[in-house]
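Here is what TrEMBL says about this protein:
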{"type": "BINDING", "residues": "A:73, A:76, A:79, A:123", "note": "[4Fe-4S] cluster 1 binding site"}
{"type": "BINDING", "residues": "A:83, A:113, A:116, A:119", "note": "[4Fe-4S] cluster 2 binding site"}
{"type": "DOMAIN", "residues": "A:61-93", "note": "domain '4Fe-4S ferredoxin-type'"}
{"type": "DOMAIN", "residues": "A:104-133", "note": "domain '4Fe-4S ferredoxin-type'"}
């Protein structure tokens, strides 16, 4: 402040002005606070009114199915490797009728999970996905260990059209090499023809 | 049975008065407890949130829940305290506040004590109120409590000086220390807030300081003194300090209403006598909300600033008000 003097060096008139100015600022504060009576509240009464969660919010983890209703997960273990806290564990097995890989069991310990989303990024089949559900509270810690039947959902999640086995080169029963979408027929290495 | 009552009219009268006194006492305590809810809801409103709204309708049951909690807390007396003083202090805090409420003329027919020097008694009891926090702070035998107690002593003594002076203008205008007479004077001649505006400003400032409410809550400044004079208190003894503070707010609101805003008088009271209490309660409620608004908006001043505001601003202001009122009263007396 230019020309500022400490109160004891100011003239009586200036001090009177200071007092009046102080009273004015205090009254102004009171009026401003009172105006909040008519202001919208910043909070929502939570359990009755839920906040909006964007679709890509990183909440409870699910395992999705492809458009045909089969499990997307091929038990590649990339999510378990990517997980920084190591809360994902699974066991691979094969379907005897067509040779598709799938997890025999799949376990996520949500008491460890930090909801970083790295498993979702690592997943080559978009099987593992994070959802906007954040209400995971439990009374027992053991209840936070989700098994495959807790994780698996019936829908496709965020990528409704994606089907890994339809686009990947992996051959299964009923879809030999070269039969996938945009996949060219396999090269016959024993032929000399171009 | 009836004969006996007819034979002892004084006894019946005193019985009725006792019942009235108990009703006033209970209503005061209930209103003070309810103030806690009001304060939390209003602070919530002014901070753009809700405040307690879960227990019962509008969260009104929160007070009951708090009461149950505080009653069941361990009534712990630390081993290093001065026991007797430690126990007496909260009793003084709440007892004196309730005693002061006895002086308030609620309606033309209600009111516990009708003393013709009611205002003086009020000032005297307000002066005694300092003992509660002073003794509490001293008996606690802890540095925070002692500092809080010392602060409140200096603060109350300083502010009580001009609290009395700021009210003398009213006494001059009404020509009486009798609170009932002051209300009747205002009903006839208009509310004191207009001729005694500066007295009102000084009195409200002093009243907040004397009941040590925010912004003058330096004795219990959390950021510096833990909880100030009641740092060592817990359970119901803390509760008594707490309720005492809220009774103090109700009391100060009631006294301000009586002294400056015409007490029970208001439009329609002349023809409908039952309107007296609603008017009184409404005015009190406005002041109670006003004190909460002050808490919501004003920060706590530094200690020397608070002292300077008391001695250098409010005391001269109330003295000027006193002299001005005296001049007007004398001029009026000579002119008439």
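Each Cβ is built from the backbone N, Cα and C atoms, and glycine gets one as well.
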Sorted by sequence, non-A:73, A:76, A:79, A:123 residues with Cβ within 8 Å of centre, [4Fe-4S] cluster 1: A:74, A:75, A:77, A:78, A:119, A:122, A:124, A:125, A:127, A:128
Rounded to the nearest Å - Cα separation of residue A:123 ([4Fe-4S] cluster 1 binding site) and residue A:83 ([4Fe-4S] cluster 2 binding site): 11
Using Cα positions only, nearest of the binding-site residues to residue A:113 ([4Fe-4S] cluster 2 binding site) (A:73, A:76, A:79): A:79
8 Å Cβ shell about A:83, A:113, A:116, A:119 centroid, [4Fe-4S] cluster 2 site members excluded: A:61, A:79, A:82, A:84, A:85, A:87, A:88, A:114, A:115, A:117, A:118
Residue among the binding-site residues A:83, A:116, A:119, A:123 whose Cβ has the most other Cβ atoms within 10 Å: A:119
List of residues, in chain order, with Cβ under 8 A from that of residue A:76 ([4Fe-4S] cluster 1 binding site) and at least 6 apart: A:92, A:101, A:124, A:125
Binding-site residues listed as A:73, A:79, A:113, least Cβ neighbours within 10 Å: A:113
For the domain '4Fe-4S ferredoxin-type' (A:61-93), mean pLDDT (0 to 100): 92
Alpha-carbon distance [residue A:73 ([4Fe-4S] cluster 1 binding site); residue A:83 ([4Fe-4S] cluster 2 binding site)] in Å: 16
Residue pair residue A:73 ([4Fe-4S] cluster 1 binding site), residue A:116 ([4Fe-4S] cluster 2 binding site) - Cα distance, angstrom, rounded: 19
Structural state census, the domain '4Fe-4S ferredoxin-type' (A:104-133) (DSSP three-state): 5 helix, 9 strand, 16 coil
DSSP-derived helix, strand and coil totals, residue by residue, for the domain '4Fe-4S ferredoxin-type' (A:61-93): 5 helix, 11 strand, 17 coil
